[in-house]
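As written in TrEMBL, here are the features:
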type    : residues                                               : note
BINDING : ALA23, CYS24, PRO25, GLY26, SER27, GLY28, LYS29, THR30 : ATP binding site
DOMAIN  : 2-268                                                  : domain 'UvrD-like helicase ATP-binding'
Amino acid sequence: MLKGLNEQQRDAVTEQGSVLLTACPGSGKTRALTYKIAYELERLTSPKKIIVAVTFTNRAADEIKKRIRDLNADDTNLWAGTIHSFCLEWILRPYMCYLRELKNGFSISDEYNSESLISELKIKYNISFWDSVSTRYLASGEKEEIINRALIDDYHELLMIDKLIDFDQILHYSYKLLSSFPKISETLKNMFQLICVDEYQDTQELQYAILAKIMHGKTGKCKMFIVGDADQAIYGSLGGVAKTHKEIQLEFSTAFIKRELSGNYRSNQQLIDYYRNFQTSDIDIKALGVNANDSAIITYNKAIHKDELVKYIVKIIGDKISEGIPEHEICVLAPTWYLVIPMGRKLKSLMPSVNFDAVGLSPLLKNKENVWFKIARLFLVSPSPKSYLTRKRWATELINELNDFGVLLFEDTPHKSKALLKLTNTISSNENDGLAYLKECFINLFKQLEVDIDYNDHLKIHWETFFQGAEKRLENPDFDLAKDIESFKKMFKHEEGVVVNTCHGIKGEEFDTVISFGLLHGKLPNWNETTPKAAEKLLYVICSRAKRELHLISETGRVTGSRRPYNPTAQLNAVTYDYD
């Protein structure tokens, strides 16, 4: 199994204790993490032991599971998902009966619902729409926000009325359970043989504290494998903390062996030498891939006007496709959705023959935690051998969530997820309008399940926020989103087309050609960003996604609300380089 690893990766994977692995871009971090999981799965001390992999996104969790299967490893005892999914699966749902706030049931407030409630309360409290309000908690149980406490109290009250909790409350209540009932930590520590944490540099304090509570359990032997890169810590404004080796050891009361991956298999050396201008730690990075000595193309355009920007990007994309570069190897980035969404719309309009993977162009973007979104994806992703395992996992998650709502499905069936997939595969609609298509499928599904939606408060609340959120985005002229069902289905085709996304949305991914615009002070970094070296870290992440070609743009013509022109990001503008 270990033949495919280099010496640094092999040392990290075979280490018997807990490991802190710092990994530069393109160094095979995910490879090392995957092999570590497979290595430990082969060495489980009991068939009841579980390997946990906490990832930053669900997409990253899916990638790890896929790679584990590619290694022909048995993943029966592997659990992989985000920290919020981990808390729901292993802490909140099994032990919610011990908390007064949760014992009568709960469901998750999706992003659209939470944003809508806070926007309404901002009007009530005369707070600007643009002012950020943090709903995060400290480990003490206190709210992190000091200024807008009254607004947040009202927000939590509104959630409680509908038996909803948001993402920050998932963490808060999980930590509260572990703190109040130490036996839960002991149970989990005995159950887990290894806890892996990916992208540790963007982990919040409370997330560290939850995992630390488990590791502090008095019984059980559980190791940790923590992976990341402090130079890629780009979520500081959302509470992400890149802890040092010493801080991690103190947090978990565990000795961590420090290991490092310094070779880069992604970019050529010329690109690496360029993006090291934005490195905040002094780690030498050597290109080790087959393209190590190839020439890079690096451009920086700070003269082009924003009105000419789309044509400029269209030409780059067209040239790359003409050269034979696959569409999915091309990426267009910007710091914010406000720049990405109109750019994606214009590119699709001007290049109708080109496929685009622009998830932000979906009207369902803000509803990912809504139960109807989870049902919708079973209808929007066609059954196939390639999608079977993913759809089966979605079906299992859905059955568990509906169970929390008091909707019990296939009670006499041993393979519930298969039964649900078999049923959804028989349901379709002739509607061309995306929302009308989904409504008809939803109604037919629950009719066959003999469940009355109107008699379940959770289902009704989620129905209202799901369709209200989607309709609001579809009606927004700034988005100009397609309404047909085929466009809805395209949002799940991640492997097809030119990627159009935010700088944060492409963490961990790589492309032959990266095109990044909106590199302007106030947008990168954002005016409100207070994290030290935030601009350098974002530029480092952007540039290190590229294998061969990098096009950076600080366009002119954009102005602030007070009509002052935006200037190029200072840290980029200060680089002296002989651009192509």
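Positions of Cβ are set from backbone N, Cα and C atoms, glycine also.
Because TrEMBL annotations are produced automatically, they should be read as predictions rather than curated entries.
Features as recorded by TrEMBL, highlighted on the structure.
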residue : record           : contacts (Cβ under 8 Å, 6+ apart)
ALA23   : ATP binding site : LYS29, ALA32, VAL227, GLY228, ASP229, GLU260, LEU261
CYS24   : ATP binding site : ASP229, ASP231, LEU261, SER262, GLY263, ASN264, ILE283, ILE285
PRO25   : ATP binding site : ASP229, GLN232, ASN264, ARG266, SER267, TYR275, ILE285, TYR540, VAL541, SER544, ARG545
GLY26   : ATP binding site : ASN264, TYR265, ARG266, SER267, GLY289, GLU510, SER544
SER27   : ATP binding site : GLN8, LEU261, SER262, GLY263, ASN264, TYR265
GLY28   : ATP binding site : LEU5, ASN6, GLN9, LEU261, GLY263, TYR265
THR30   : ATP binding site : ALA60, GLU63, ILE64, ARG67, ASP198, GLY508
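Per-residue confidence over the domain 'UvrD-like helicase ATP-binding' (2-268) averages out at a pLDDT of 92. Annotation note: LYS29 (ATP binding site) sits in a helical segment as assigned by DSSP. Cβ neighbours within 10 Å of LYS29 (ATP binding site), excluding its own Cβ and spanning all shown chains: 23.
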